[in-house]
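K.L.:
Here it is, the structure, as structure tokens.
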Amino acid sequence: MNKWLNYNPHLLSAVSPLFYTSRILGIAPICWPPTGRNRFQLRAYSVLVFFAMLTFLIYSVYWNIQYYYTRSTYTIIVPHIFKMVSSFTTVLAILLLCSTVNKEKYEAIFTKLTTVDSILLKTAENSNVIYKKMKIFVMVQLLVIIPFYLFMFCFDRVVWSGNVGEPHHLVEYFVHLLGTVMDMQFINLVLLIKHRYTVLNRTLMLIHKVPDKEFEWNILLKNKKNVHKTEAIKQIHEVENPIFQKTGIINAKGEVENSFANLKIFPDIEREEAKIIKLQKVHSSLYDVAELVKSCFGLPILFELTFIFGSLIQSLYNSLLTSLQLDNLGTHAGSGEAVGLFLSWSVVRMIKMMCITTSCQMASNEANRTGILIQKLLLGSNGDSKTLRNFSQQLLHYKLNFTACGFFTLDATLLYSLAGAVTTYLVILLQFQFVASSALKVNATNSFA
């Protein structure tokens, strides 16, 4: 019996729409059913798509040199080459990795997720609902993205050539779609990891019977004497061991008025050592899954972010050239339609960037939140729980963050850095464009004279 036959059928069903779409494009993460023949066919198909994309890259460079670059300035040519090469590089990287070293890693990801779900979602009454929601979420993404690319392809052809259907541009949109599906794989896996960390944290709080909302947690001073606000700091050394209680309201006399003030949220915790140890193992498995996801997608995401950076510069620069009437870029439509096309692509790239960075930051925050919860539980037990202490020590070595192949961290700060870099390059390109335009006017004046 093959060890990969232990996939969770509900998990496979949840990701099946994205799986079959990825299989058509040659970047299916796993093979199902996992037989040797099917694996060979899947790898062979990925290799075939890889060489097809490599051929189309060479053809695209040749076509642009022959028909587009001859009537364009270098300020237009350089961003276009950068965007085109980075988009094809992203696709070639994911196809090459998918057909070689990543297949076993993908299988390990789904195997570990199956094990994690068997523990975290076994007692959840709504486990089937979770998988159904995930499937609907994936289907909605595909139903939005695929028609959108078809519409943008038609709009693009009308703006540039006045007709629809040039094979050269159809291949470019196939590359865009393939890169977007790769982004969907990464983002959905990261969100899945984030959700499982959320379930783990809820389970941890449920075991210790604490409120789900952390703002209800408070360490109050166990002291029968009236504590005045101005003397609170001075009396800390007189305080007995802290306990968790619901927050009370201190009146003008410094007395706690809330009737729940003496209600202990952690009354002598009955430690369930076996459950805590199991959650330790689950946390370790989720961390392994996150590391495998980073290993599989690190290089393609680096190229994808490079493509987004170049595409943003090109699209915004083209929209400025068209709106300022510095260059019509050879479009066959009016300036309004051309600017609308360029700005639409800019919005799409920014949305992709935001989805990648925010999903990674959300997952990292939820994973690292476990350490905060463990520390609060240790305070509630006066530090007597050996299992919680061991869990806390484990978390010191399990700081989760997502990076683009180790070059930079994928979080919200990347959006700020990207905005600054794009603005800088736009200013530089516009300066070169104004210099080139001035030089052309001077030459035209001299020729006329």
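Every residue, even glycine, has its Cβ placed from backbone N, Cα and C.
So TrEMBL says this about it:
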- 12-32: transmembrane segment (TRANSMEM)
- 44-65: transmembrane segment (TRANSMEM)
- 77-98: transmembrane segment (TRANSMEM)
- 136-153: transmembrane segment (TRANSMEM)
- 173-193: transmembrane segment (TRANSMEM)
- 296-317: transmembrane segment (TRANSMEM)
- 329-348: transmembrane segment (TRANSMEM)
- 425-444: transmembrane segment (TRANSMEM)
K.L.:
Hey, which of 12-32, 136-153, 173-193 has the most Cβ-Cβ pairs under 8 Å against the transmembrane segment (296-317)?
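P.N.:
Looking only at 12-32, 136-153, 173-193, the most contacts with the transmembrane segment (296-317) come from 173-193.
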K.L.:
Taking 12-32, 77-98, 136-153, 173-193 as candidates, which has the most Cβ pairs under 8 Å with the transmembrane segment (44-65)?
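P.N.:
Looking at each of 12-32, 77-98, 136-153, 173-193 in turn, the most contacts to the transmembrane segment (44-65) are made by 77-98.
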K.L.:
With CB pairs under 8 Å as the measure, which of the listed stretches 77-98, 136-153, 173-193 comes out on top against the transmembrane segment (12-32)?
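P.N.:
Comparing 77-98, 136-153, 173-193 against the transmembrane segment (12-32), the winner is 173-193.
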